[in-house]
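A.B. asks: Could you have a look at this structure, given as structure tokens, before my questions?
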Amino acid sequence: MASSSSFPTLSLPNGKIPQIAYGTGTAWYRGSNDTPFDQKLVDSILEAMNLGYTHLDCAEMYGTEKDVGVAIKQYLNETGKDRSSIFVTTKVYRTLNDIERALHDSLERLQLDYVDLYLIHAPFSMKNGQAGITLKEAWNKMEKFVDEKKVRNIGVSNFRVDDLKELFALTPKIKPCVNQIEYHPYVNAASKELLAYCRQNNILIESYSPLASIVHKKDGPIDAIVEALAVKYGKSHIHILLKWNMQKGHVIVTTSSKGDRLKSYLQAGDADWKLTDDEIKQIDDAGAKLHYRKFWTKEFDG
């Protein structure tokens, strides 16, 4: 069984990113940074790191940065490992209008001097003017954070093609290296233009909610092919869907409070099995028969 540290890593401008991340959104979402940390989440993060997860994904919006910081500090103290052994992603959205303060507060909650990847969580509040800052102003600040070594890499999340085109039209000094989006078979067809644009511009896709097609849309059109492949390879439906995503060259962001499930996720990274191109296409084709998006549906689908 693969560990996160033995998972394939993908190259970023500054360092490498493990292809699986332990996410602290969704079920862990609290929404407020004013609450004490949740020991249950801290314990789950520690369990994940001890299993081999080295990529932790969090966000200002989730309200879980304190928990991540406590877990990292304890893990590094207990193992004697260096900070560089952990890849940390966080995101800014609600306080874009004071993005310098936002990063300062995130680093303070995380108890870190820098993060490996800093993302603008979504473009929507800048589009409607509610953010109190323009995309140009925000991105200039993001580039400054890299120069100041407070951030190693910068990117975006939930950016559509038009949002990315607007950013590239600014001729940024540092281009976004990541776009974290909801991605699973039931949004694959609707995401083709976005995926192509990202590929053309060397933007790595991070896939959140990679299991939404079987967690939130059971008995859907992909079930038969996923079941057949699970039987063929002696794997679970989860393994098939994570492998499908990974073989497209994406980072997967997933989570669980159950250690056995976290351990199981890592089997998707085992190098001794992979889907054929035809099998990937079969999942693509089945997924195209149903469109389902769990997050930001109005913004993406109208």
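The backbone N, Cα and C atoms fix where each Cβ goes, and this holds for glycine too.
Sharing the features that TrEMBL gives for it:
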- Y62: active site, proton donor (ACT_SITE)
- H121: substrate binding site (BINDING)
- 24-286: domain 'NADP-dependent oxidoreductase' (DOMAIN)
- K91: site 'Lowers pKa of active site Tyr' (SITE)
A.B. asks: For H121 (substrate binding site), just count the other CB atoms lying within 10 A of its CB, please.
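C.D. replies: Step by step: centre on the Cβ of H121 (substrate binding site), count other Cβ atoms within 10 Å, giving 20.
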A.B. asks: For Y62 (active site, proton donor), which of the three DSSP-derived states applies: helix, strand, or coil?
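C.D. replies: Y62 (active site, proton donor) sits in a helix per DSSP.
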A.B. asks: Give me the CA-CA distance between the residue listed as 'active site, proton donor' and H121 (substrate binding site), in Å, as a whole number.
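C.D. replies: A Cα-Cα distance of 11 Å.
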